[in-house]
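Asks: Copying in the features that TrEMBL gives for the protein in this structure:
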ACT_SITE  D18  active site
ACT_SITE  N66  active site, proton acceptor
BINDING   D18, E205  Mg(2+) binding site
BINDING   19-23, R31, H35, 63-65, W67, R69, R186, 192-194  substrate binding site
Amino acid sequence: MTTSPNNYVPRHIGIVMDGNGRWAKARHRPRSFGHNAGRKAVREVVEGCLRHGVQALTLFAFSSENWQRPEEEVGALLDLFVRALDKEVDELHGNGVRLRFIGDLDAFEKPLQRRMLEAMRRTAGNDKLHMNIAVNYGGRWDIVQAARKAAMAVARGDLAIEAIDEAAFDRWTSLSEVPPLDLFIRTGGDRRVSNFLLWQLAYAELYFTDTLWPDFNQISLQHAINDFARRERRFGRTGDQVAQA
Ligand code: IPE
Ligand code: IPE
Ligand code: MG
């Protein structure tokens, strides 16, 4: 059944961290309790990625659609980001993690923006793991902002229209300079992408698990990586071609 396992650790893992609300509900606690509990899962995944030598990890923390949630929940999430930034950056930095926030950061209040920029600046020289946190992020937004940058370069006269190809376009997206997305994971049981990394998903392997995000740990990550390692990635070729290569 597994003809040609690809035998390698994903270079870049993207995760839709879903299921916090249901996890809290099952415990008769407010949804924010679940978001808070999700922090442990983030630590577990970072540790797991460092251990396996995964080069990049992109986490979906707040989508451009999540503003539609009750004001109280949005407020609790933003508070959580501030507290997490104040508490976790030292350790991430100590572990050689480069932190980046992707998304339309202008929508956040200035103190939160400052904390994000400061964390990015401080960890910019690190190279063990490139950790990207998607906040006020949407895959369509990312494609549109890249298209705008391309259009601006053309309008300035710095770029010929013919020079816009896939590789050039990729450089304007939020995750340029990050290895290709190999593995997409979504926790919480739903099988959808919810406007996460649309451009980068082109050839990612998809992995869905019913585990709710606060319960996700290093063993869960190991399961996902093992599953990935059994996939035959053909990229349009035939299985025989892949076996010969
Ligand atoms: C994911 O968990 C976290 C965010 C979207 C911020 P949810 O809050 O969506 O949890 P469920 O899906 O309602 O259980
Ligand atoms: C996706 O989860 C966004 C994040 C995990 C941050 P949602 O819970 O918002 O997705 P939908 O609404 O179920 O598609
Ligand atoms: Mg959800």
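A Cβ is built for glycine as well, from the same backbone N, Cα and C atoms used for every other residue.
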Asks: Measuring CB to CB from G19 (substrate binding site), give everything in the same chain under 8 Å that is also at least six residues away in sequence.
Replies: G34, T187, G188, G189, T211, L212, W213, P214
Asks: Got a sec? Which of D18, W23, H35, E205, the recorded positions, have CB under 6 Å of any ligand 2 atom?
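Replies: Only D18 meet the Cβ criterion.
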Asks: For V193 (substrate binding site), which of the three DSSP-derived states applies: helix, strand, or coil?
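Replies: Looking at the DSSP assignment, V193 (substrate binding site) belongs to neither helix nor strand, so coil.
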Asks: Considering only the recorded positions S64, N66, V193, E205, which fall within 10 Å of the residue listed as 'active site' when distances are taken between Cα atoms?
Replies: none
Asks: Specify the secondary structure state of R186 (substrate binding site) as given by DSSP, simplified to three classes.
Replies: strand
Asks: May I ask which residues of the same chain, at least 6 positions away in sequence, place their Cβ under 8 angstroms from the Cβ of N66 (active site, proton acceptor)?
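Replies: Correct list: V74, L77.
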Asks: In the three-state scheme derived from DSSP, which category covers E205 (Mg(2+) binding site)?
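Replies: In three-state terms, E205 (Mg(2+) binding site) counts as strand.
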